[in-house]
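This report concerns only the one structure given below.
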Amino acid sequence: MTPAARVQASIEILDDILAGVPAEKALTGWARRSRYAGSKDRAAVRDHVFAALRCQRSYAALGGSQTGRGLMIGAQRAAGTDLNAVFTGDRHAPATVSGDEEGRAFAGDAEQYDIPEWLWPRFQMSLGDQAIPVAQALQNRAPVHLRVNLIKTDIAGAIAALEADGIQAQVHPACDTALEVSEGARMIAQSSAYANGLVELQDAASQAVVAALELHPGLRVLDYCAGGGGKSLALAAHPGLEVFAHDVNAARLRDLPVRAGRAGAKVTVLTTDEATRQPPFDVVLVDAPCSGSGSWRRAPAGKWALTEARLQELTTIQFNILNQLSPLVAPGGVLAYATCSMLADENGAVVDGFLHSNTDWRESFRKTWLVSHGTDGFFTAHLTR
Ligand SMILES: C[S@@+](CC[C@H](N)C(=O)[O-])C[C@H]1O[C@@H](n2cnc3c(N)ncnc32)[C@H](O)[C@@H]1O
């Protein structure tokens, strides 16, 4: 495919997404209909589509409309590339750009930096002078991070094994087990380092949330909102811990036994009933459902789908989960709250609300990671009594 044909394909896929088709489904549907597209074409189209989804507001302003075509015109203008070289009207290329497809000046910072208008004041309140750098970071593609599985190898061993598979990775400063991939990211899933459980795909801040816990052999640890189990596996890499995983949506834990097998890790999956009937845990990690604002680079639809009402609903859920789980923590144990969000409403405010109504609890640790510092956005707080 020519670069122009890739842009035309992206326009059509974006139109499907704007009409309500989920991004992955729209991309897969296009790939199935387009057998002529090779793996490089599919990767390039995917990149175009995700960039346009991350930068939907600014590209629509620059491109003159909130359509697939408007977004791709906006993308070319944002990149400063020659529109006439791509929008040629030739076979498979998009039609030439007309006079009524002029861009316009941004209406304000929220539009320029691709944050929903209603959210911008809260975003600024949460992030202060980091609001614009964080919003700009969210306009760009997320880096690819790996967690080195210390059960099976060490940092140097993992880097060497990846290199043998044609993947270049360097140590990431956010966590001792984290690597950032600089070349060959698309080959990870097929690499032997991955297949043999030497590395797992996991953001460095997600790893750092686990690394921030004081863990020593003999502790019983429950990952209560385990999802796919990324943090459960990171916990289970600590020698001598007894690790339990739970999620209200049991289907999300389906792949965990296979992943644990690959990693040589032991994780016991618990139902909700089993989790509440267990003796108290030394550590309960609550990686709570949240807006996902720290991972909007990877899942940009979430940025545009979030509403004020949903944010409110999430903070209520977060507060309720903390209250519901505090009895599962052994005296002297830790209730570790975490979100992949950078919004104060879901982070400090929830923790403060919990401490306000549970005066026998105190906070011993709090940290926020920002996308502007090279990881996903994350928050954690440790609560003890
Ligand atoms: C942020 S995700 C967890 C991500 C996961 N810990 C990881 O590292 O990949 C939040 C999870 O909480 C689960 N969840 C939502 N409400 C819950 C509840 N009331 N109790 C337990 N889990 C819940 C969701 O199903 C979802 O898998």
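Along the chain as shown, the residues are counted starting at 1.
Keep in mind that glycine also has a Cβ here, set from the backbone N, Cα and C atoms.
The domain 'SAM-dependent MTase RsmB/NOP-type' feature in TrEMBL is assigned to 134-385. The S-adenosyl-L-methionine binding site annotation in TrEMBL covers D247, D287. Marked as active site, nucleophile by TrEMBL: C340.
Packing around D247 (S-adenosyl-L-methionine binding site) is summarised by its Cβ count: 22 other Cβ atoms lie within 10 angstroms of its Cβ, all protein chains included. Note on the domain 'SAM-dependent MTase RsmB/NOP-type' (134-385): its mean pLDDT in the predicted model is 97. Cα-Cα distance from D247 (S-adenosyl-L-methionine binding site) to C340 (active site, nucleophile): 16 Å (rounded to the nearest whole number). Summarising the environment of the residue listed as 'active site, nucleophile', the number of other Cβ atoms within 10 Å of its Cβ, over all protein chains shown, is 26. Around the Cβ of D287 (S-adenosyl-L-methionine binding site), the same chain contributes V209, D223, Y224, C225, A226, G227, K231, A338, T339, C340, each under 8 angstroms and 6 or more positions distant in sequence. Secondary structure from DSSP puts D247 (S-adenosyl-L-methionine binding site) in coil. Secondary structure at D287 (S-adenosyl-L-methionine binding site), as computed by DSSP, is strand.
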